[in-house]
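A.B. asks: Below are the structure tokens for one structure; questions will follow.
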Amino acid sequence: MRLLKRPKPVESAVSDSERELFGGPLRYDLGWTDHEWDFLETSLLSAVRAMPRMVAGTLRLAWRTDRPALLTVGVAEAGQGLTAALGLLVVNSVLGSLLADGSAADRVSDAVPALIAGAVVAVAGALLASWSTSAAGRLEPKVERAANEQYLHAAARVELEAIEDGEFRRLIDTAQHGPPSARRMVGACVATMNGVISLLAVGGVLTVLHPLLLPMLLLIAAPRGWGAMRVSQRRYLSVMAWVEHLRASRLIAGLLISRSAAHEVRVHGVGRFLLRHYRNMAESAETEATRLAKDKAATELLAAALSGVAALITYGAMAALIMSGRMELAVAGTAVVAVRSGSASLGALVMTTNSLHEESLYVRDMERFLTEAGNRSIPSGGLPLPEPTKVITLEGVSFSYPGRETPALAELSLTIPMGSVVALVGENGSGKSTLVKLLAGLHLPDSGRLAWDGVDVAEADREQIFDRVSLLTQDFERWPVTARANIEIGRPDAADGDLTAAARYSGADLIAETLPKGFDTLLARVFRGASELSGGQWQKFGLARAQYRDARMIVVDEPTSALDPGAEIAAFDRIRGLADERRAVVLVTHRMSGVRYADLIYVLHEGRLVEQGDHESLLAAGGRYASMFHMQAEQYGHGAGAGTGVPHQGGSAPKPT
Ligand SMILES: Nc1ncnc2c1ncn2[C@@H]1O[C@H](COP(=O)(O)OP(=O)(O)OP(=O)(O)O)[C@@H](O)[C@H]1O
């Protein structure tokens, strides 16, 4: 039975801002929505059928996190169901006494024992409810934490390629609703359990009173159940379709208050521009919220009307039964109370079942993410790397980014011997940073072979590769923690690191001396009492971190871009000094002054290796490297014959073409 009409794609309003800033409507892939609709287009019955599976999943998680709390909730909820049934029997007994023959005083005094029993039952019910609430309150945050840990652990373990894949990022985004939903599912499970038990109790009493009363009760609650189900499914579809729009609005809002954008936001008037777009996008979202609200109101009105008609039929039938003498007045009185409380219980049960269903949709997204993340996670285990390693070799290595036709690296063959300083040179986009990512084990070659002393990284234990590589990229992380932790985070689990040596090595020790609390100064402006460093000072902390790591291969990508001329010369000297027989240094830079003393220089062009050798031989060859070197030398006034001159002045070096 199809209870729901397929909704129109949620695509009507495309804001101008989406067109202007993002090149078109930001909507979740509608192909996905179509596919999901098959799942969502479920009847009430199938949602109820799926319930045991959903409940079992949540209960398993709850069982793993806090067994005593879960058992307490179960016992307390079952007890409450019992008190509900006893309460109805008490009502029946009281009504029986009150409607019996005899004087008013006698009838009231006959009812007293049942009234006392009723009070005891009510107190017991209240105590059980409060016991259950406190245990469920203890359980819920634990379930959310467990689910969050699963989510974050899986996200941190996936391959870099997955992180850079837009589809997967969307999955990460939607799955973040999962942990809070898992928490709410515990509450919904408890409420559902409560509803089921109360309803069984009421249903049992009603069936005993008269067999027709239970079907009538169900008739009253069914339309409300249908309405609630339809509203929640439409809300879910809408959330999914608008998730990117919401993300983009948050991005714009974030930019308005971000520190890094603060200068342009003010000086270039970007603030006004972004605010206008923020409003524009918020208005589109409001249109969708209004549409949903109208739909919800209409659905609920229809459900209430149908439920009212069912109630009318029920009470009419009861009146007919009384008048035909087939139902006693006391039974009818109890039945009215039971139908009222029963339909309230059933209504609540439908709502909680429905929220269980709705929350489970989000938990399902998280499950889907966990499965996908599991498929795309960095494999554990593999061949051990030789220690010490003598050489890293690339043979015919090619690599393309997903969705890109031209390979970022093509048929690359080169060697990186331990103890040497290897420089990677080439124009923007020639593939240097991509090669760095491959060397660090962040990406694996699509074809060809990258090996540490003959052990192919595709078969090697990736953890061991990560352990042996120290990475200082152009956009290295400026961790919002203390100066000390900013260096020690290079080897987070090491207890034997030499912080002083690492800081002295890069010059970060002198910077720390000027900080209010030395190495214990917090380097995160967002917190009170924290200090901020200049770009060049941060780079020295980055270098110290890279050195602290004590790796076999140190890869530095533009390590001196923010350093003043003196600091730059010193930094290149220090970087050269890092190479020893156990360790290689891979240097990526556009500053030819730093490249000059490298033992081996590889020149890349459009992902291919076009020249290799040392500085002198490459200059003598008069090729691409020589022209890049001369171009920079000329800029600093050394003239075309600057084979011996070293252009190391500050300012950004011109990008070779
Ligand atoms: N994450 C990515 N996804 C898709 N393509 C990418 C990605 N990163 C880089 N590319 C593409 O791969 C090619 C090589 O880029 P790469 O960053 O390796 O060059 P580079 O030599 O380091 O450049 P630069 O000197 O500007 O830092 C470029 O065409 C670039 O557009």
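Each Cβ is built from the backbone N, Cα and C atoms, and glycine gets one as well.
Pulled the feature table from TrEMBL, pasting it below:
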DOMAIN    81-358  domain 'ABC transmembrane type-1'
DOMAIN    392-631  domain 'ABC transporter'
TRANSMEM  69-91  transmembrane segment
TRANSMEM  111-131  transmembrane segment
TRANSMEM  185-206  transmembrane segment
TRANSMEM  212-229  transmembrane segment
TRANSMEM  301-323  transmembrane segment
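Are these features on the surface or tucked inside, and what are their neighbours?
C.D. replies: Proximity of distant same-chain residues to the transmembrane segment (69-91), defined by a Cβ-Cβ separation under 8 Å and at least 6 residues beyond the stretch ends, is recorded for 59, 62-63, 114-115, 117-118, 121-122, 124-125, 128-129, 131-132, 135-136, 138-139, 142, 190, 193-194, 196-198, 200-202, 204-205, 333-334, 337-338, 341, 345.
Residues 51, 54-55, 58-59, 62, 73-74, 77-78, 80-82, 84-85, 88-89, 92, 132, 136, 139-140, 143, 213-214, 217, 334-335, 338-339, 341-342, 345-346, 348-349, 352-353, 355-356, 359-360, 363 of the same chain lie 6+ residues outside the transmembrane segment (185-206) yet bring a C-beta within less than 8 angstroms of a C-beta in it.
Within its own chain, the transmembrane segment (212-229) has Cβ neighbours under 8 Å at 3, 44, 47, 202-203, 206, 299-300, 302-307, 310-311, 313-314, 317-318, 321, 335, 338-339, 342-343, 346-347, 349-351, 353-354, 357, counting only residues six or more beyond its boundaries.
Long-range Cβ contacts of the transmembrane segment (301-323) within its own chain (Cβ-Cβ under 8 Å, at least 6 residues beyond either end) map to 210, 212-213, 216-217, 219-224, 226-228, 329, 332, 335-336, 339, 343.
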A.B. asks: So what's the average pLDDT for the domain 'ABC transporter' (392-631)?
C.D. replies: 88
